[in-house]
Amino acid sequence: MEAGSRSSANCAKTEQQKMLDSGGNQSGSKDRVTLKKEIGLLSACAIIIGNIIGSGIFISPKGVLDHAGSVGFSLIVWVLGGGICALGSLCYAELGVTIPKSGGDYSYVTEIFGGLVGFLLLWSAVLIMYPTTLAVIALTFSNYVLQPAFPDCLPPYIATRLLSTTCVLFLTWVNCSSVRWGTRIQDIFTVGKLLALVLIIIVGMIQIAKGHYDALDPQTAFEFIKDPSVGQIALAFLQASFAYSGWNFLNYVTEEVVEPRKNLPRAIYISIPLVTLVYTLTNIAYFSSMSPQELLESNAVAVTFGEKLLGVFSWVMPISVALSTFGGINGYLFTSSRLCFSGAREGHLPYLLAMIHLKSCTPIPALLVCCTATILILCIGDTHNLINYVSFINYLSYGVTIAGLLYYRWKKPKLVRPIKVNLLVPCSYLVFWAVLLGFSLYSEPVVCGMGLVIMLTGVPIYFIGVQWKNKPHCISSAVERVTYLGQKLCYVVFPQDDPSEIQPLTEKSEL
């Protein structure tokens, strides 16, 4: 079986790669082993919506209200948060069709700024960003599933960890088995989580129609619980950004999207406005039945909402949230594994992670790494304190990537771009980004500083692991043996790229 070559961005294959390829050439078949293109427009929308709508809408309302200081301003934060995501997604649509590689931010930054900057984004994402987010979503899932069995107290620590681990392991197995199974689960649970939020919205609208909207009255909505500050407002946006995180995840699986230059931007244009509308209406529904004090005191906003309004049917809310978070775990596993895959293909992670299964064409080694990292984070303890780290690193990577769009415009002005956004779009995003990060650093220097430290620890790792080419023979041999053993155990080979999909666009000729 031909294993094919790695990305065109890589240099000629090393002896190690040749040995690994020859290890996969056992079946004698002439079939090409490539990533399957099974993500159509519907599945693309489901990936974006399913990754955004996870645990965030059930966790962040409390944090946004606490930092915003009033009901009215918290709703403004939710609307503006969606607007900022829309600006960013327009920029990512241009980058996605101009540099049509899987890997999202990492692939774009590596292409534009070079290996070190790309590796730092990859390092922070693999080390903390995605494992922590996955762990938070998995814990939210287990807490809501177990809550009915422990109505008067929090579920036991061990029980939540065991259920979270079981869920992550099961979905890892599903995604290792078939790309189609993974996308079908994403489609089904995306519909399920939208129905759950629609239920909240409908019940809330009925309450408002009955006149229960005291907290939403303009005269009381902007009564501040505490004196607002610019720094607190910045932290409110960071909390909202956790709920909106995932808007760029379709860019991580570009090479598996059917006709990506058409379906990638279409999916973004459909999904982001829909999620913003749903989030805003969901928060309005919360305030139709809960005072600001009740929302701040609640550890499970959706459960409190259900208990107040649904009566004997209050059990619907924990189940709905569990379904929502289950789909979110699947989406994060699906996309974050592709980030590991892309990083390994560029030579920034072990080559084993760039291999796919010989028959199912799924990146099994990358999925296993994501699964293992998530379980380790689950074992550490309470992950909720890491949400601000994740949000800060997320925003930092978004800003660097969109700055890269402007630099790429200057660096290659004649490059054909199927989508070319107005310069006001990236500039507006970067202004907001700079203000937000600046005041976040001022308000929470320790949290933001830790985020920067986590990212910068990748600098020595890059020079030792990637730049240092002439490593001692004993190290190279050990890596080769481990990689070869992993290839045999997982039954994986290097995929062959589809040149028609990943080759850069040509530049306009001089007239």
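The backbone N, Cα and C atoms fix where each Cβ goes, and this holds for glycine too.
Curation plays no part in TrEMBL annotations; they are all automatic predictions.
Quick look at what TrEMBL annotates:
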- 1-28: compositional bias 'Polar residues' (COMPBIAS)
- 1-30: region 'Disordered' (REGION)
- 39-59: transmembrane segment (TRANSMEM)
- 71-92: transmembrane segment (TRANSMEM)
- 113-138: transmembrane segment (TRANSMEM)
- 158-176: transmembrane segment (TRANSMEM)
- 188-209: transmembrane segment (TRANSMEM)
- 229-247: transmembrane segment (TRANSMEM)
- 268-289: transmembrane segment (TRANSMEM)
- 309-335: transmembrane segment (TRANSMEM)
- 356-380: transmembrane segment (TRANSMEM)
- 386-409: transmembrane segment (TRANSMEM)
- 421-443: transmembrane segment (TRANSMEM)
- 449-468: transmembrane segment (TRANSMEM)
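Below 8 A, the CB atoms of the transmembrane segment (113-138) and the transmembrane segment (188-209) form no more than two pairs separated by six or more positions in the chain, fewer than 3 in all.
Counting only same-chain residues 6+ beyond the ends of the transmembrane segment (386-409), those with a CB under 8 A from a CB of the stretch are 59, 63, 88, 91-92, 94-95, 98, 105, 108-109, 112-113, 117, 121, 124-125, 128-129, 132-133, 136, 235, 238-239, 241-242, 245, 248, 415, 423, 426-427, 429-430, 433-434, 436-437, 440, 444, 447-448, 450-452, 454-455.
Highest Cβ pair count under 8 Å relative to the transmembrane segment (158-176), across stretches 39-59, 71-92, 188-209, 229-247, 356-380: 356-380. Within the chain carrying the transmembrane segment (268-289), a Cβ under 8 angstroms from the stretch's Cβ atoms is held by residues 45, 48-49, 52-53, 57, 61, 71, 74-75, 78-79, 81-83, 85-86, 89-90, 92-93, 194, 197-198, 200-201, 203-205, 207-208, 212-213, 215-216, 243-244, 247, 250, 295, 301, 305, 308-309, all 6 or more beyond its ends. Between the transmembrane segment (421-443) and the transmembrane segment (309-335) there are fewer than 3 Cβ pairs closer than 8 Å, counting only residues 6 or more apart in sequence, so the two stretches are not in contact. Touching of the transmembrane segment (188-209) and the transmembrane segment (309-335) is concluded from the presence of at least three CB pairs under 8 A, sequence neighbours closer than 6 excluded. Away from its own ends, the transmembrane segment (39-59) comes close to residues 136-137, 140-141, 144, 183, 186-187, 189-191, 193-194, 197, 242-247, 249-250, 253, 256-258, 263-264, 266-268, 270-272, 274-275, 278-279, 282, 300-302, 321, 324-325, 327-332, 334-335, 384, 387 of its chain (Cβ-Cβ under 8 Å, at least six residues beyond either end).
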